[in-house]
Structures are given as C-alpha cells and as structure tokens.
Amino acid sequence: MSDTHAQTVPFVRDTMLPQANPPTTEAGAVRWMRENLLSGPLNVILTLLAIAAIYWVVQGMLPWLLASVWNAGSIAECRQIIADAGRESGACWAVIRERWPQFLFGFYPNHLYWRPVTALLLLFVALAPVLFSKAPRQLLWFSAIYPGLAFWLLWGGSVFVPVVALLGLALGWAAFHFGQRISPLAGVVAAILLPVLWWLFLAGPVAEDLGNLLPRSMPWWMEEVRSDKFGGFVLALTIGVSGIALSLPLGIVLALGRQSDMFLIKSLSVCFIEFIRGVPLITLLFTASLLLNYFLPPGTTFDIILRVIIMVTLFAAAYIAEVIRGGLAALPRGQYEAADALGLDYFRAQRLIILPQALKISIPGIVSTFIGMFKDTTLVVFVGLLDPLKGITDAVRASPDWKGIYWEPYIFVGAIFFIFNFSMSRYSMYLERKLKTDHR
Amino acid sequence: MANVADVPKPSFRLSMLLYDTRYRSLTIQIVVFLLVMAGAAWLVDNTIRNLQALGKDFNFSFLGARAGYDISQRLVEYTNDSTHGRALLIGLLNTLLVAFLGCIAATVIGVLVGVLRLSKNWLIARLMTVYVEIFRNIPLLLWILLIYAVFTEAAPAPNAFRVNAETGEAATSMFLDAFAVTNRYTAIPNPVFGLDLGWLNIGLFYVSVDFLLLVAAIVVGFFLNRMALRRATRIQEATGDRPTTWWQSLLLLVGIPVAALIAMGFHFEFPELKGFNFTGGLNVSNSFMALWLALSLYTGAFIAEIVRAGVLAISKGQSEAAFALGLRPARTMNLVILPQALRVIIPPLISQYLNLTKNSSLAIAVGYLDLRGTLGGITLNQTGRELECVLLMMLIYLTISLIISGLMNVYNASVKLKER
Amino acid sequence: MKKSAFLGTLTVAGLAAGMVSAATLDDVKARGELNCGVSTGLTGFSLPDANGVWSGFDVAICRAVAAAVLGDATKVKFVPTTGQTRFTALASGEVDMLARNSTWTFSRDTDLKLDFVGVNYYDGQGFMVRKDLGVTSAKELEGATICIQTGTTTELNLADWFKTNNLNYTPVAIETNAEGEQQYAAGACDAYTTDASGLASTRASFADPENHIILPEIISKEPLGPAVRHGDNQWADIVRWTLNALIAAEEYGVTSANMEELAANSPNPEVKRLLGAEGDLGVMTGLDKDWAKRAIGVAGNYGEIFAATIGEATPIGLARGLNAQWTQGGLLYAPPFR
C-alpha cells in the first residue's frame, strides 16, 4: 500500500477556495418557490389551483373596480360616466361618498357626530385595564362610570338620568359592603334588592326633580337624541356593546348557577341556557318586536331598540355563561380547595379567588362572543331597525337617485365589518397566547 | 315551611334556615322557586289579559286553514289549497334539508381547508388563511346576499345552452353533460328508480318504497360489516393475526346497496334543454344553492379553525410513538391521531352544526321558504297569529337543536377518553 | 302599581314611550308627538333622505294628521316597520297610526283588529316583463318564472289568478323590492310582479326602461290606506277625516296657496265649513276649528301631495288613473263636510 503511493504528493489544499454562490436552484426566490410552492406533484397542482382561483377572482373584479366612479349625484349619472368611458360596467362609489355618514351614524344629527365617536374612543379607555395589564388601576373608576357616560353621550338629555341610574349601582355596592358585616348572604340580598327598589320607585322622580332644580343639567351641546335616529354602525355598536356588557353579570350568575350543587338552581340555569342556545336569534328578535307586548302588563310599550337590547342581552348571556363555565372548569381543582381551606364562604371564595381567575381566562372567549354578536346585529333589520347592512342600504336604495345600486353598499359595509372583527379577533388571539403562558 | 317543620330536630331554630349550611341551600331553592313561579304567573297573567284586551284567543286551529300561497321548493306534495300546517311541514323539511346538506358540505370544506392551512405550500396556506378570515369576520347575511347575486349575475341564462343551428355551438356547455348552472336554477341529474314499487303513506306524506328499501340495504350492510369487524377482532385476540377485512367491508357497505339499486333499476335522468328550460333533471333553485353554499362556506371557515386546532393539539410524540411501535401511517392515523384529535374536535363541531341549523333561518333573505319563511313569515303575516306562530317556531327549532346535540353527544361519549 | 313600577325602570333608561290608554288622541296630545308606522323605505311612499328626514306619499298623510292634531307637521316620530311587524306595532300601541301601503282586506279589518279609515291610493297588482320576451298579456305567462315579494297579499293574488286562468308558474320568492329588482334585472325571472305603483318606479330606475313593459292586466284590487287600532272611534274619525279633508280640498280647488283667501271669502259654504270659517266641525272630533286648514297647509291638498311625491313630474311618474277625483273619472270621493 505504502509503495504504490510513494511518489504521490499528498494533496493538501493550502488556500481556501473562493466562496461560490449556491446553485441557482438552491437560492433566493427559486429555492423559496421550489420549497414552498413546487415541492411535489400534489403541491404543484395545489399551487396551480390557487393561482387559477386568484386569477378568476381578479379578472372578475378588476375591470369593474378599475372603472370606479367617485363623483356623481345619482346612479344615472354614474352609468353615464361609465358609458362615456367606454366601459361595460363599473363600480359607483359615489353613493358611498354621498351617503357614508348614514352608513356609519344612521340619522344621528350631523352636528352631533362627535358624540358617538367620543363614546367609542372612551370605550377603549374604559377597556384599558382589561386590554393592557400595565394600565393604571385608577382607570377602573373610569370603567365603572363609563356605561353612564356612554349612555349620556349617545342619547344626551339631562345628565341626572345616568347619574341617578349609576347611583343605584353605588347603592348596591354600599349595601353589599355594610350588609356583609351582618352576614354575607344578607350582603348579597341587600346588594340585589336595594338597587332594584331604587330603580323601580325612586330613580325616575329623583332624576326629574334634580333636572328641574338645576336647569343647567342639559348643556346645549347635549341635546337629546332619540333612539329612532340611531342607525348604521352606531346602532350595531350600541346593541353589540351594551348587549355584551349587560350580559356579563347575568352570564356569570348563570355560569355559577350551572355549577351549583343546588338541584333547582342548576336545572333552572341549564334550562335557560339550553333554551336560548337552541333557538335562532331571529326568533328572539321576533319575540322582542311581536311578543313582548303580550308578556308585559297591558298598555306597556317602550322603545324597540331597548326591547331588542333586552333580548340580545338574554341571548348573549347564555353564550357568555358557557364561556365562563369553560373558564371555571379550566381552573385547577386546587384553587377551590385552597379557598375552602382558607375558610372562605361561597360568595367570598367566588369573589376573591375563583371569579377573578376564571374571568381572566375567559376574555378571549368573551371577545369572540362579542364578534359573533356584532355580526348578528345585522339581523335587527328583520324587525324594522336600520342596521348598516340591509336597513340603511335599503333606505338609500329607496331614494330615486340611488335606486338600482347593488354591490357597492354591501362591499363597503362588509369591509367595515371585516376591519372591526379582524382586528378584534387578532387581539383576542394575542391575548390567548399571553394568557396561556401564565397558566401552563 | 311545612317540610322544614317535619325535620325532627329538637334544637331547630328558625335562624338556622339562613345560617346553617344544611338548610340554607333549601331555603335559597325555595325562595328562587317561588320567585320563578311568581314571574311565570305574572307573564301568563299578562298574556291572558292582553289577549282579552285585543279580543284574540290562543289556539292553533289556523294550522288547519287553507294556506293559499305557493312554495316553489317542496319535498313532499303541496299546493296552495293545502293547509297552513302542511306549509309548516314543507318549511320544516326545507330547513332540515339545507341544514343537513349544509353540515355535510361545511364539514368537507372545513376539514379540507383546515388541513390545507397547515400545508407547506405557502400560496395555498395563505389563500386558505384569507378565506377563513374573510368568511369569519363578515356577517353571514352579507354572504348569503352576495352569493345569491353572484349566481344570478354571473351564471348564464338557460337558453345560453342552446346549440346554435348555424355554428353548431352553444354559448355555454353543460358540465359533463349532466350539470348546468343557470341564473334561475341549477340543473342536476335526477335519480330515478326504474322499478316502481309504489309509495307508502306514513301519515304526513308518502315515501317511495324503493327509497325505503335502499335505506334498509344500507343499514343491513352497515350491521353486517360491524359483525365482520367484530369477528376479525376476536380472531386477532385469539391468534394475534388480523384477517384482511377490507374486501368484506367493501362488499357489505357498498356491494349490498349497489345490488339493491341495480335490482330496482336505479338510473339518472339527465337534464336536457327543451324549449326555454331544462327538463328531465332536477332543477334546484338558486335561492337554495346560494343559501346552502353561503352556510357551508361560512360554517366551513369556523370548522377549518377547529380542525386545525385539533390537529395541532396532538403532540408529535404521539405519531413518533406509534411509528416506534411499528404501526403503518394509515393505522397510526386511524388508531392514534384521529381518536385523539376527534376528542378535541367533536364538541366545538357540534356547536357549529347547531349554529348552521339556526343560521339557516336567514333563508328569508333570499326568499328560500324554510320554517321561518312559511310559519314565521307568510303564515304569520296572513293569519296575524304572531304569538302562536313564534312560539311554535321556537319550539320546533329548540327540538331540532336538542336532537342534534343529543345525537352528537352520544357520538362524543363514544370517542371520549375512557378515564379510569 | 306594577305597571307604573315597571315604567319607573324605563323612565330611568330614558327611553320610555309611555303608556297607551283607550284614548289615542289624549296620548298623542300628552306626548306632543304622533307615532306613525311607515315602510322601511319604499320609493315615493316613504323614505328617509340623507339627513333622516322622511318624505313621501304615505309620510305626507302622517304629517297632515300631526298638523291637524298637534299643529306642527314636524312633531311626528316615524317608526319603520316591516311587513311582519306593522300590525303588531299598531296593535301594541307602539304606533298611533299606520301609513304603510297596507291593503285593506276583510280579514285584516276584522280578524286583525285594525280599522282601515279610508283609501289614500288605489293600487293593483301588475306584471313587468322584458320586451324581447314577446309577451303582451299576462295570460301568455304559461310556465313563466315569476319573482314575487313574500309576506304580502301579492303572493295570494298570484296563486289565485293563475289558478283561475289555468296557468302554471314557478314562483321565485324575494324578500325585499331591492332584491327583486336585482333578480329581475339579471334575468333570474321572466316577470316581476308587485303593485303597479312599485313596478312603475322600478322600471324607471333601470338603465334601459324602454326594454321593459308593464302588462295591461291588473290582477287584484289593492286599496292602500291608513289604519288605526280597532276600538278607538274618535281617533279613527280624526285620521279618516284628515284624509277626507285632503281629498275634498282638491275637489273644491283648495290649495295650500289659496286656502287663507278661500277661508275668508269663498262663496261655497262647504269650503268654509272645511276650512273652519263656518260652523265648528273640528270641535266635533275633539280638535279645533282650524284642524283641516293646518292639515292642508303642510303639503297642500291630495293632488298637490300626489304630484310632489309620486306624480308624473317625479322620477316615479305615476298617472292619476283610479286615484283621480270622482269628477275626473277616478275613485276619490270624499263624503260631504256637513
């Protein structure tokens, strides 16, 4: 062996080879495409199918979008402009340009648009303690008074109506605080009973008297806006947000009821939840508009929006209850046992240990319930309210100027719904990830 | 109070009702019960007084009155001389049809998209993400309206399929000579039994005896297959070798129904353009197609997310362990991955099926006459009996929902983790 | 007690609309506002403009009643109702009157406990088809696909008419007029059927109105009129005679422009009675003498309202036809003001 190679000079490279570029098929866009698009026969087919689908959508929509008309006074004018440009069909966005305030605000008075906008912005401030863990604790006070503030901003009128209504809550809290010294149960009972009595018998006259005493309670910029002026996204958000906010307490009670050891309480909660979840929302809206009049004392009649909010609240409560039940179930058994070991009674254990944790886990679920609710607010058109999707669109189309317009309003409203819901769902996913790390 | 007094406790004091945990729950339940009863009585009392004030009564005799309106899609016999009760039945069957087909299509779409979203193919994964996000975040009502409009705007008129005598060509041609999507309806082949065994009256409507026989054949095949599989398992447990069963399964599950079909002379009648319209096949209305597609695509997007989450929930170690045991990929899927993924998937899937069924009540937006369109729509409007109609409608939807969730819960229990 | 207690809650909510008692007139006066149920948007009859101000033929009746009762035509709350909610809204007291192109039928008047107080528009169901279909009569519609709005009397009429004429048809149910127009325009149905007034305005909105014709057959009687709750005769009288006042004003040539002058020196005593210059007809209904003057003052007499909202000068372009005065060969015939 050694002889054969005696003369051979062992080859040892003493200089580095110059760095060569990777083969073209293994670098850059080509490689990326090979790996991500064309890595096998199945993938090639899928890629081609995807390209075909995208092409089909684009070639269908693009010519129509390219022939968009933004400035026109009526659909006839739009058609004229498109025909003059030599195109067959085109989008007439002029209707959105002219009527966008209606899609957003319904018939809310023009000069008061800032009020719903402020209410929406303040909503984010009020939600800050939930949205961002770093938000100062003092903001919770703002969150507590926000419902009253939002109500006042939206409907306007005397400031004392929401103030007196909030006073009921304060009363409940105080009753709970002092009642607890006697017994926890008495605290709970008093906390429920007192505000109800306050709202039923005293709140109305008190608000009226205060309003009469202080004539400045309604500044000029807070003139009253009645709910028949509500429409479009203001209506959708009002129903959606108040539905979720009002259904939270009820949902918590139902969830606790469903977990209760007491047979009667448990079966009542289960019946309620399963009943609401078993029927379509549209039948509940029908109940609001057609049947509620039968169920209330003869002669009682009140605002259809309020009736819809009541039914939507009941509807949402059943779903929220299931979400919170999930949160309660996700808590380790040890938490319950620890609360028992500390000698806390049922209400204290729930309030101090169980619910804060369960609610925190449930936030993503609550957000997705809200997204669902927000989308479902479009159904109020079937009881004659002017929702953005069909109510306002049909009202716009009834005007002789825009009669016959079809796609544009739907696309506009759909886009707004998408932006809203997509950002909310992304936020809830972020939240889910954030919460997961704490608990696993 | 009476039942409390029965308790033989000499030291019993009234305050124990509140402070003794043994009695407190009883007290609370009695109080709640009384409150609920009082509330219910209040509502009923109000209703009675309101009905009196309006001079109306509460009865369902209107269901026996002549309906007077036509329904274009009817699965069983119906004319405008039929009763409102009959119209209710037509609506109910239409609801069930769209819900049933919608659940199937949504599941197929959902599984397909859910898997494709996990695909390595960048383009297809992104495309599926776009689909899921767009459909999940826009109200269903909008999808129903848009898909309906796309059908009528984009599809050709029936006479576009006519072959031009001079050129010998048609503006549009049918798909496989069997399907034609037009702006009025979608023509599909009509399944027919050549051997007519007559119709069986089952009280509400007539059912084809051929159809019943076919169902019977499928059920028999299913049970025989189960017996064969059980036998195979017994042999496997006794000897360690599992006999090949796939050809038995194929024969029993497919062979028996096919044999029955052939025996009954089953064939398709293909749609044909005669005059201005397609005849021979089944003309499925576009309102049904639009509603069905919109419901399937919308719910499919949700199911895709559920499927994706279910697949992701199974840790990689499971399949690796299965491979280490020497299981082939197909069996790994069947015996290890699927049972675990299904446990995660089934419960949310049930609620999606329920949602789809309830959402089918939006059918009215495209004029598909389902339960909400007949009973809760035209009948309500013509008779003015809103209390009866809405309550009956709620009751029927509730029953459907409870049946679906009941059936699915039974299935869920069978795949559930057996905890020891 | 319970009632007022429950309302207490709602007062707090600031949304309470009050209670309905037997006397609608007292309620309206106490509220200072008339609640009027209208359609959610029907070209020419009731629609909100970009600022939410309602206008249209039906809306004008509401405004006239508000002016007669409250003296202010703007004190009207328009409550949009759908085909399904309209009668319930009226029965439950949510609205005081309904001016929503509702057909006066026997069962609605009796079984549904409504009172139709008159007819403000005589309509009838017609058909619109594309010209190139070559159809000139509805009797040639054998086997046609027909778009039809659900939940109205139109589908009953259609079923009846095709039955009596021994024809077959395929109904395509449509939820709203907008969907119907879209479906018909895209060719999803051969014919579109609804009230002739609706057909006219739909045809006018097409890019190519000349390619569509409205068939001569009118297959039903659709007397559209305002309705009130059954059992409140005083209120029914007020709405009925407000409508009659508008019709009579046209007959006697009283317009919003010349009414002051005619009230002062018209030779016709009936005009003077109508305008409150003679006798006190208004007081008999629980209003005052000038009620009719105020009602006519809002938008003029029936003819003026018709011309401004749905007449031939508007995009809807309806001819008077049956809705002309009886003296002109129409059906409008107001009972004497005496």
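The backbone N, Cα and C atoms fix where each Cβ goes, glycine too.
If you look up TrEMBL, you'll see A:40-58 (among others) marked as transmembrane segment.
The transmembrane segment feature in TrEMBL is assigned to A:112-132 (among others). For the transmembrane segment (A:112-132), the residues of the chain that approach it from at least six positions outside its boundaries are 101, 105, 139-140, 142-143, 146, 149-150, 153-154, 156, 221, 223, 225, 234, 237, 241, 363, 427, judged by C-beta separation under 8 angstroms.
Listed as Cβ neighbours of the transmembrane segment (A:139-155) (distance under 8 Å, sequence separation of 6 or more from its ends, same chain) are residues 115-116, 118-119, 122-123, 125-129, 161-163, 165-166, 169, 222, 224-227, 230, 234, 238, 241, 245. Here TrEMBL flags A:139-155 (among others) as transmembrane segment.
What TrEMBL lists as transmembrane segment is A:161-178 (among others).
Taken from TrEMBL, the feature transmembrane segment applies to A:185-207 (among others).
Sequence annotations record features per position, and here TrEMBL assigns transmembrane segment to A:230-256 (among others). Taking Cβ pairs closer than 8 Å, the transmembrane segment (A:230-256) reaches residues 102-108, 116, 120, 123, 147, 150, 154, 269, 272-273, 305, 308-309, 312-325, 328, 350, 355, 359, 366, 369-370, 373-374, 377-378, 380, 385-388, 391-392, 416 in its own chain, all 6 or more past its ends.
Marked as domain 'ABC transmembrane type-1' by TrEMBL: A:233-428.
The feature transmembrane segment is assigned by TrEMBL to A:268-292 (among others).
What TrEMBL records for A:304-324 (among others) is transmembrane segment. Remote same-chain residues near the transmembrane segment (A:304-324) are listed as 227, 230, 235, 238-239, 242-244, 246-248, 250-252, 254-255, 258, 269, 272-273, 275-277, 281, 284-285, 287-289, 292, 358-359, 362, 365-366, 369, 372-373, 376-377, 380, 383-385 (criterion: CB distance under 8 Å, separation of at least six residues from the stretch ends).
Positions annotated as transmembrane segment by TrEMBL: A:361-385 (among others).
Taken from TrEMBL, the feature transmembrane segment covers A:405-424 (among others).
Of the candidate ranges A:40-58, A:161-178, A:361-385, A:405-424, A:361-385 has the most C-beta pairs within less than 8 angstroms of the transmembrane segment (A:268-292).
The largest share of C-beta pairs under 8 angstroms with the transmembrane segment (A:405-424) comes from A:361-385, of the ranges A:40-58, A:161-178, A:185-207, A:361-385.
Counting only same-chain residues 6+ beyond the ends of the transmembrane segment (A:161-178), those with a CB under 8 A from a CB of the stretch are 144-145, 147-149, 151-152, 187-188, 190-195, 198-199, 203, 206-207, 210-211.
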